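Data first, discussion second: the structure below is written as structure tokens.
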């Protein structure tokens, strides 16, 4: 019964994670459409500190879509380990890239399509080899994990990095460097996932009839989640307003996934129970995702398609064919000249074709 229940929870978490990616991928498009409409109206842009997007219904539709996706993601973390749920976020990259090519006129070339495919393949590999986290059955057990020195050190480093980027790096380079705002969202996101996991356990305990309201940890996790999510939304809006959606989405995925996997490994001690094959498979899957993300955005301005490749190949074949013909004609002419020399009765003459000169053996 326990094994069947575990499989049941696994498929529930998997389905919720996939639906979450669809909602979140669509939310990027809706938000970007709303921000573009405001820019055409001349309103102060979100990247410059404006908040006119709060009056745009498309932006609110995107926010609701993201809320639905985050809710599904929230529930997925309650049923499945973070190392299963988080890599499936690559699906949101695919959804966002495909929809942006149709609704935002952001062209998705052949490299981008291959990048999306590699992201999906890498995510699948990571899911297959994902480490199994330790079972946490109660908030008391979660509290023991949260006060572990390794996790406390990780959380302190994350908070310090986030504060430095928010107050020092952001005002100077946030408008020109795409990594600034995305880094803030990603490192804070690792803590939000930990809060989500704890709240999922609290909800399970509440359903089982335990008194969760009186537990201070549940409220700490809730407040921590609200603070993390609000920070992520703020800086993600700035990144979306300034930079191309097809760039923001994949880079955010890579950074966010790296942060969450690191946090999950430290908090739940997952990697200690993995075999060598699973370690190699997990790292290979993640590197495949990174390559896919690189293809998706590094060559986005290059107009490459299957039809253009076919035309290019045909153009390359023509010079090659002409070169073969010319070479054949040259050899034919040389052979004809040799035959003519022989017919003219020059048996003691040697022809040097290498240096273009004719020498006679009688000269020596």
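Glycine is no exception: its Cβ is also placed from the backbone N, Cα and C atoms.
Those TrEMBL annotations? Automatic predictions, nothing curated.
As annotated by TrEMBL, transmembrane segment applies to 12-30 (among others).
Summarising the annotation, TrEMBL assigns transmembrane segment to 57-79 (among others).
Annotated transmembrane segment per TrEMBL: 85-105 (among others), in sequence order.
Taken from TrEMBL, the feature transmembrane segment covers 150-171 (among others).
Under the heading transmembrane segment, TrEMBL lists 178-204 (among others). Remote same-chain residues near the transmembrane segment (178-204) are listed as 73-75, 77-79, 82, 86, 136-139, 142, 146, 155, 158-159, 161-162, 165-166, 169-170, 212, 215, 217-218, 221-222, 224-225, 228-229, 231-232, 235-236, 238-239, 242-243, 247-248, 251-252, 255-256, 258-260, 262-264, 267 (criterion: CB distance under 8 Å, separation of at least six residues from the stretch ends).
Residues or ranges marked as transmembrane segment in TrEMBL: 216-235 (among others). Residues 63, 70, 139, 142-143, 146, 162, 166, 170, 181-182, 184-185, 188-189, 191-192, 195-196, 198-199, 202 of the same chain sit 6 or more residues outside the transmembrane segment (216-235) yet have a Cβ under 8 Å from a Cβ within it.
Sequence-distant contacts of the transmembrane segment (247-268) (same chain, six or more residues past either end, CB-CB distance under 8 Å): 25, 28, 81-83, 86-87, 89-90, 92-93, 96-97, 115, 119, 131, 133-134, 136, 145-146, 148, 150-151, 154, 158, 178-179, 182-183, 185-187, 189-191, 193-194, 236, 239-240, 286, 289-290, 293, 296-297, 300. Positions annotated as transmembrane segment by TrEMBL: 247-268 (among others).
Here the transmembrane segment (280-299) has long-range neighbours at 83, 87, 90, 93, 97, 109, 111-112, 114-131, 244, 246-247, 250-251, 253-254, 257-258, 261, 274, meaning same-chain residues at least 6 beyond its ends whose C-beta is under 8 angstroms from one of its own. Annotated transmembrane segment per TrEMBL: 280-299 (among others), in sequence order.
When Cβ-Cβ distances below 8 Å are used as the criterion, the transmembrane segment (85-105) is approached by residues 13-14, 17-18, 20-22, 24-26, 28-29, 32-33, 36, 69, 73, 76-77, 112, 116, 119-120, 122-123, 126-127, 130, 193, 245-246, 249-250, 253, 256-257, 260-261, 264, 285-286, 289, 292-293, 296 of the same chain, each at least six residues removed from its ends. Residues 9-10, 12-14, 16-17, 19-24, 26-35, 37, 85, 92, 193, 196-197, 199-201, 203-204, 229, 233 of the same chain, all 6+ positions outside the transmembrane segment (57-79), place their C-beta atoms under 8 angstroms from a C-beta of that stretch.
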